[in-house]
Structures are given as structure tokens and as C-alpha cells.
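A.B. asks: The annotation transmembrane segment is assigned in TrEMBL to 6-37, 49-73, 93-118, 162-185, 226-246, 258-277, 289-308, 328-346, 353-375, 410-429.
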Amino acid sequence: MLLQLLFVLVAIIVGARLGGIGLGVMGGVGLAILTFVFGLQPTAPPIDVMLMIVAVISAASCMQAAGGLDYMVKLAERLLRRNPSQVTILSPLVTYLFTFVAGTGHVAYSVLPVIAEVATETKIRPERPLGIAVIASQQAITASPISAATVALLGLLTGFDITLFDILKITIPATLIGVLVGAFLSKKVGKELLEDPEYLRRLEAGMIDTKHVELNDVKNMFHARISVIIFIAATLLIVLFGSIPAMRPVFNGTALDMPAIIEILMLCAAAVILLISRTDGIKATQGSVFPAGMQAVIAIFGIAWMGDTFINGNITELTGSIEGIVRQMPWLFGLALFVMSILLYSQAATVRAIVPLGIALGISPMMLVALFPAVNGYFFIPNYPTVVAAINFDRTGTTGIGKWILNHSFMMPGLVATIVSIVVGLLLIQVF
């Protein structure tokens, strides 16, 4: 088993270094070794999760093509410029809301330069709002009803009579509180901007660009607004169907499952957006949302399939060796989720690869929901695209990576938000 685990970890590490679809295809290599070398029978690939992500990404891509995301960025800019002194508190709420609505953290790219500019103009250290804003966009993944990670968790827990509402009633307040605590603590990070030596050096050298950030124009405001409304309406319908099982149609005595409902509603939302806004379907595939979403699908395809096969083939050894420890200290499983998310760079891939082990170990479904925010650990090593983007957007040089690599601008807000979210989640499952 240990040799198999070694090959699994090597596939994950090499895939992460390759980037893009590398994680997924290296999962395929790991699966091939498990199957043809070690003789493990492959499990079924996670088709439902993949199709749900494809449907959600299709709708989000159509909304972006219709100008919906640009419209949301305009609203965010207006809010931040009207309240510049509160940029450290408002910025994470904005990126949280963007990700919560769209189901992907990649929408945060658009608003990061606005956050950096408003902070610089107000003489607030940009590291403070940028650091927690990036973390908030990650935390919101575990609260969004249509994110790949939430969809994956719901799919795994459906057999335990856990509804979408059961997940959201824990993760939304838990992650919001975690983000707000991180935001308030971020207000004290580092020196004040006018006292920062790197900023003063750049200012004296004329390296601070005073040009305003140029946002994409919304070509048709009606189409942009209606695309956002349609997308949010579809999301609300998904929450309703997921929270009230009686609303679902019944066939042969069995209610239609949530994966099918999510796929149907999101495909319909994508179609309605294209029809009403008269947007070219090709344009929907050319934005930033579509390729990022497809990378997530391929990652889950390879990594989750490999992980499922490894766990299923070694379930007796795995449960026998650590079952007692994990049942006594279930928070240790949260640590495993955190570490694996650092390696996998994906909340959804982490959920699909590791949560089945938690279920096999007998961890209660609601405990798994409370530990769900632990999959937000990929800020730990500062090479995720939104982390790199935030560093590049800060013209003052206050947002960056320290001498020891891990002492970077996102470590404190990331650890605080994640730990607080888990603690609040553990408290909430005692109440509900």
C-alpha cells in the first residue's frame, strides 16, 4: 500500500507542477500504474460531479460573455470608491460575493486591480485588503451552492439524507465569520503605507504608476443585467430544490436527484442568457471562466478517479490503521483535507479524492460539513494564480512573498479565516 501511495503522491506533485490540465492527466498516469502494475480495479469515474461543473461553468461563461461579470465589477468599483476608508473590510466581502454567485474564484481577478488602486489612493497599505480579498474568494467556494467543491460534497453525502441547505446553513455563516475576523486582523498588518520603506523607495524613484485602472466597458447594460439576474435566479432555484425535497419531481417513486436538477437548470440558464442577449456561443468559451472551469473538470476526472481507486483498493488497511484515532480526534481529518488541498490546488479535487475516506472511516456527515472549509489550503504555498495576480497588481510593493517563502502576505489571513471557519462550523453543527 505504501508503494502505491508513493506513486499517487508523485502523480499529484508532478501534475501540480505542470499546471493547467497537468493535474488531471497525471491522475490518469497514476491510475494506469495502480491498475496495470498493482492490479487495482478502477472505480467508476466521477461523471455526475464532472457534468455538474460543466453545466455551471457553461452558465457562468455565458453570463461573462453577455457582460454580466463586467457589470458586477462596475458595481464593486462604485462601492469601493464611495467607501475608500473601509476598503480592507469591503474588499473581501466583494470578492466573497463574486465567488459565491459565480461558483468560481477566478472572477476575483477582475476586481483585484480596483482594490489595489483604491487602497493606494487612500494611502492604506494595499497588502491589507488584497491579502484577505484573495482568501475570501477561496473561502466562498465552500459556501457557494453551485461551486464544484460544494457540488462534489453534496454528491458524496446525498446518501446520508444531507441536503444542500444542510451544507449551506453551516458553511455560509462559518466562512463569512472567518473572512470578517481575517479582515479586521488584516487592518493591523505591516507598517502604514506612508512609513513603508519599499513604497517610499518606489515613490522616490518614480515607479508608482498613477494611471487609473481601465475596466472593460459594458456594451449593453440591459443584456449584462439580465444575464446576472438569470444566473442568480437559476442558483436560487437550485437552493430551493436542494433544500425542499418535496419540490423535486418523482419518477417511479424516486425523487429526481440534485445532480440532474443542477445540470438541467444551469444548462437552461446558459441557453436563456444566450438567447436574450443574442451573444455568440463561441464567445462564451473565450473568456477566463470557461478554461478555468474545464481545467477543474479534467483535474477531478483524473485525480478523483485515481484517488477513488486507491482508497477502494486499500480500504481495509486504511480504515484498520487510523479509524480509532480519527474517530477520537476527527479534526485530524480536517488537517488531512488542508494538506491535500495544498498539493491538489483545488477544493473540488480535494473533496472528491479525500472525503470518501472520511466516510469510510465513519466520520459523521455533519462533521465532514463542518470540516469542509479545510479544503481552502492552497494559499499556503504562494503560487496560485489569484495570489500571483494580487502581488502583481500592488504597485506599492507591500504585497509579496517573504525571504522564507511561507512568510507571505496571504498566510495570516488565510490561516485565520480557515481556522475560524472550521471552529464556527463545529459550533454550528452542535446547534442545528
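Cβ from N, Cα, C; glycine included.
Each of the listed features needs to be described in terms of its position in the shown structure.
C.D. replies: Listed as Cβ neighbours of the transmembrane segment (6-37) (distance under 8 Å, sequence separation of 6 or more from its ends, same chain) are residues 294-295, 297-307, 309-310, 313, 343-346, 349.
Same-chain neighbours of the transmembrane segment (93-118): 56-57, 60, 63, 69-70, 72-73, 76-77, 79-81, 84, 87, 126, 129-130, 133-134, 136-141, 143-148, 175-176, 179, 183, 212-213, 215-216, 228, 231-232, 235, 288-289, 292-293, 296, 385-386, 389-390, 393-395, 399, counting only residues six or more beyond its ends whose CB sits under 8 Å from a CB of the stretch.
Outside the transmembrane segment (162-185), and at least 6 residues removed from its termini, the chain residues within Cβ reach (under 8 Å) are 88-89, 91-93, 96, 132, 135-136, 139-140, 142-143, 145, 150, 153-154, 238-239, 241-243, 245, 258, 365-366, 369-370, 372-373, 412-414, 416-422, 424-425, 428-429, 432.
Proximity of distant same-chain residues to the transmembrane segment (258-277), defined by a Cβ-Cβ separation under 8 Å and at least 6 residues beyond the stretch ends, is recorded for 48-49, 51-52, 55-56, 58-59, 61-63, 65-68, 146, 151, 154-155, 158, 164, 220, 223, 226-227, 230-231, 233-234, 237-238, 241-242, 248, 284.
Packing against the transmembrane segment (353-375) from elsewhere in the chain are residues 139, 142, 149, 152-153, 156-157, 160, 162, 166-167, 170-171, 174-175, 178, 303-304, 306-308, 311, 315, 318-319, 322-323, 326-327, 330-331, 333-338, 340-341, 344, 347, 418, 421-422, 425-426, 428-429, 432: each is 6 or more residues past its ends and has a CB under 8 Å from a CB in it.
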